[in-house]
Each structure stands twice: as C-alpha cells, then as structure tokens.
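> Below are the structure tokens for one structure; questions will follow.
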Amino acid sequence: MRDNPSPFDDTVQLSSIIMPSSDDNAPIINNQHGIGINGDGTQTDLTQHASPAVSKRTAYVTVGILLLVNLLNYMDRFTVAGVLIEVKSFYHLGNSEAGSIQTAFICTYMVFSPIFGYLGDRYTRKYLMAGGIFLWSGFTLASSFIPGDYFWAFVLLRALVGIGEASYSTIAPTIIADLFAKETRTKALMVFYFAIPVGSGLGYIVGSNIASMLGGWQWALRVTPVLGVLCVILIVLFCVDPPRGMSEGSDVHLSNTGVIVDLKALFFNKSFMLSSLGFTCVAFVTGALAFLAPSFMVYSTQFQGHSQSESTISLIFGGITVAAGFIGVALGAETARRYKRVNPRADPLICAIGMLTCVPFLFFALLVSRYNTAATWVLIFVGETLLCLNWAVTADILLYVVIPTRRSLAESGQILLSHALGDAVSPSIIGQITDSLASTYANPEFPSVQYTSMQTALYVTTFICVLGGAFYLATALFVEQDKKTAEKVTHGEDLSDDELLVDGSDNYITDEEMLRGAGDLKVEQEVRVAFGDGDHAGDGERDGLSRNIII
C-alpha cells in the first residue's frame, strides 16, 4: 500500500460522491470523502493522497490552450509549403530535394515520438509539452537565417523542429482523454483536431502573404516562434495535467508495466494496428497534397495560359484547406457520434467512407486541372472535406481501445507508423516520380513539363486512398471487442495478462475472498461499485457513491 505516492505515480485513486452541477467551477472528479479498505479489512482515510479535483472551467481552458498550440503546430509545419517555389529558387533545388525538407522534419518527428510517448505515460505532461514548444520555436527562428549556400543546415534545423513537435503531438490527446469521457470526449477531440486543417491552411496563408509583404520568404518563419513563446507561458500557467484514467471512473488504479509489455499489447491490438495503417494512408495523401498542391496549381495556371502568383495560389489553397478541414472534422466527429448510438462500429466505418468517397473527387480534380481552374478548386475542396472526416474519429478509436497508461505510447506509435510510411515519404516519392517523368523531356524545367509530370505522379494518391479505406473496413471487424477488452482491463475486470495488474492486485482474488468470507463488509462483484453512464466532464449527470478498494 502506498501512503505517499510520488508526483509521477500513475496509480489513480479516485473516491468521490459526484453530484450533478451546472457550475463551471464544479469538480469533474471530486476526490473528497475517500474511504479505503486495507488488505486486512480495516478502513483508512484516502483524502490525504487523493487526486486533485479538476473543474469544468479548467478542463475547457486546457482544451482551448491545446487547440491554440495545435494551430501553431500545423502553421509552422506548412509555412514552408506556402513559399516552396521561393525556397527552391533560393537554394537552387529540384522537386525531390525540395521534398526532402518535409521528409527530414517528419523523420525526426517520428523517431522522437516514441521517446516522448514513453515519457508522457510516466512524467508531468505539461512540462514536457512546454519544453518541446520552446525548442521548436527556437529552431524555426534559426532556420530563417541560413544563407543560400548552406541548404544542408536549413534541412538540419527543419529536422530539429520535429523534436519539439513530437513532444506535443504524442501527449496532448491523452490529456483530453483523461479530462473527458464518451460523447464529451468526441466533441473535445473534434475541437482539438480542427487545428490540423485550419492550422495548415493558415500556414499557407500567413507564410505566403508575410513573405510577399516583407519581401522575403524567410520572414514567414519568424512569425510562429513569437507565438510559440506565448504558448509556453499559457501551458505552464493555465493547463492542468489530470491523473491518468481520471475520466474512466473511480475504480481505475492502473500501474505502468514495462515498455516491452506495452509494445506487445499494442502490436496485438487489432483495432489499433489496422486504424493506424488506415491513418498512414491518410497521412500519405495529405502530406503529398499539402506540400505539393500549391506548386502544382501554379504550374496548372501557367499551363492554361493565365498564370497566377504563388502567394495568390497559396491564399486560395489555404482558404480551401481551412474550410474543408473545419467542415470535414466537424462532420466526421458528429456523424460518428450519432451513428455510434445505433452501431458500435460507426467510427471505423465513417473513416472508411471518407477515404473511399474522396477518391473520385481527387481523381477528377487532377484530370480537369488542365482545363478549368475553378472546377479544380471545387473538386479539391470536396475531396479534402471527405479526407478530413478521419482526423478526430481515428484519435477517438485509439483512446478507447488502449488503456490509459499506454495511450501516450500508442499515440507515438501511431505517429511513427503513419509518418514513416506516410507524409515522411510521400512528398519525396511524388517529387522523384515528377523529376523522373520530366527528365524525359528536352526542357524539364518548363512549367508545362512540370505540370504534366506532377499531374501523373499525383494520381498515386487516389490508389492510396482506396487502400486506406480497406484498412478502416478491416478495423470495423474488431473495434467493438477491443473496446470492451480495454474497458475491462482499465476497471480491473480482466486480469488474464498477469503482467498488467491494478495496483497491488497480486492479492486481488485472495483478499476479495477473505473480505467476503469475513461477512463484515458487503463487497460488490469484482470489489467495485457500479456507476451510471454519464460523462465526467460533460453535464455532471453522473452521480452515486464510489468506494475505493486498496489491496
């Protein structure tokens, strides 16, 4: 028994009377009046080491700050794409070399994600995020001062930015998961993942227009570092780091297992693996389009004889990305939330529908780009909207099929897989195919040659979308059972894995039998008191008495 747990102890001991309340300051989890029962049947007061209460207002503020940082995250990531033609000219690059800028960033990002995933499951998460944001802001600012003869240094600094972003992307969703449950969690994730398309679109818009206004693409990289310092301050002062599993209920008291055990459990989690492969296809397509679409549309307008500037194209593409992302993320999350009431496999099915239905729109967008720019923009908008149905829903799948003490590692594993085979390689692959096709012409640098070559290369994305839809359909076969298994393990109902035990559960069965035999205390089945179905951070509808059993 642990009377004085360390600040980094993952054991969650929640004992409460949860009363309905509409007050914004009302606790989501109120850990007063805790009663513990020792292995010998004696009672003890748990309030001295109970987890702190978290108000609804604090939870909402935390999500708001995480949303702001995520916007900054994706703004920074796609600022270079908004000024890519200028960067290519400044460093004298071909398409494959230009693609290596994003590839270097993503490679570092995915390599460091498992490290921060491991740390995020064990240490104070908000300080890990704050440190990472400070690092990426510094490296972004430094990259704007690299001269034209040192492209390798520019690539190196863009790669180092990935270290900072890895610290944030692996941890932030798990904080949301610990603050909110069920439908409320889905809504919170929807808000959080608005930042991906909206931030990406703002990256194009801000980057290209700042560069145009101030006369140099380097200025585009000097905006986000200032905002990054502000975000560090907000996280340290106002964000809360809730106990792992707080939203799951009062009977959650998991302890961390070894990293090998964790990896093994994740590898054999079919829903996690298949949805991660589906998300890898999403990352491949979005990575290729996000990095290359502005350049492609510049070449398209030149091919048609009514050339438009890169800043204008980036502004239009950024606006489309913002609108498509906002609509797509909201539509995907809300449709899945409602459909899940009648079909527990709704989440992967919605993701599959999004991937498969975007295929014809992307295909015809590429096809008509040589004839009509306006029609191309409309088709791109619809295709991106359907592709964005996946973002929040895929994250929700991960959070409910993986137990709380493995979620950061699972996030990092999904990031590693999706980027290693997705957007880390797709810009380079598409760029290399483009260069290879263009090299067969006498003048490969002509806009018409660049256009036709890139058009052919981008058709690869439609086939990847079909593959992603297939992975999500396969996920639907297992997601219901994997969710139930995760819930049972989280609440101590499934001890089949003897290395995954609730805190002190070595004596779980014998002590339970002893307590029942003594007749001094009525112990409910599985030494638990059942709760209702309300959300912890939702409406305060969940009430009832919880008694924490400490073995």
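Note that Cβ sites are derived from N, Cα and C of the backbone, with glycine treated the same way.
The domain 'Major facilitator superfamily (MFS) profile' annotation in TrEMBL covers 62-480. According to TrEMBL, the feature transmembrane segment maps to 58-75, 101-120, 127-146, 152-176, 188-207, 219-240, 272-293, 313-336, 348-368, 374-403, 454-479.
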> Excluding the flanking five residues on each side, which residues at least 6 beyond the ends of the transmembrane segment (58-75) place their CB within less than 8 Å of a CB in that stretch?
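Long-range Cβ neighbours of the transmembrane segment (58-75): 24, 28, 129, 133, 165, 168-169, 172, 175-176, 179-180, 188, 191-200, 202-203, 206, 223-224, 227-228, 231, 234-235, 238-240, 537.
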> Please figure out which one of 101-120, 127-146, 219-240, 272-293 racks up the most CB pairs under 8 Å against the transmembrane segment (374-403).
272-293
> Near the transmembrane segment (272-293), which same-chain residues lie under 8 Å Cβ to Cβ, leaving out any that are not at least 6 residues past its ends?
78, 81, 84, 99, 102, 106, 200, 266, 317, 321, 348, 351-352, 355, 362, 380, 384, 387, 390-391, 394, 397-398, 401-402, 410, 413-414, 417-419, 421-427, 429-431, 454, 458, 460-461, 464-465, 467-469, 471-472, 474-475, 478-479, 482
> Answer yes if the transmembrane segment (101-120) and the transmembrane segment (454-479) have at least three CB pairs under 8 Å among residue pairs 6 or more apart in sequence, and no otherwise.
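When sequence-distant Cβ pairs are counted, the transmembrane segment (454-479) does not touch the transmembrane segment (101-120), since fewer than 3 lie under 8 Å.
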> Between the stretches 127-146, 348-368, 454-479, which wins on the count of C-beta pairs under 8 angstroms to the transmembrane segment (152-176)?
127-146
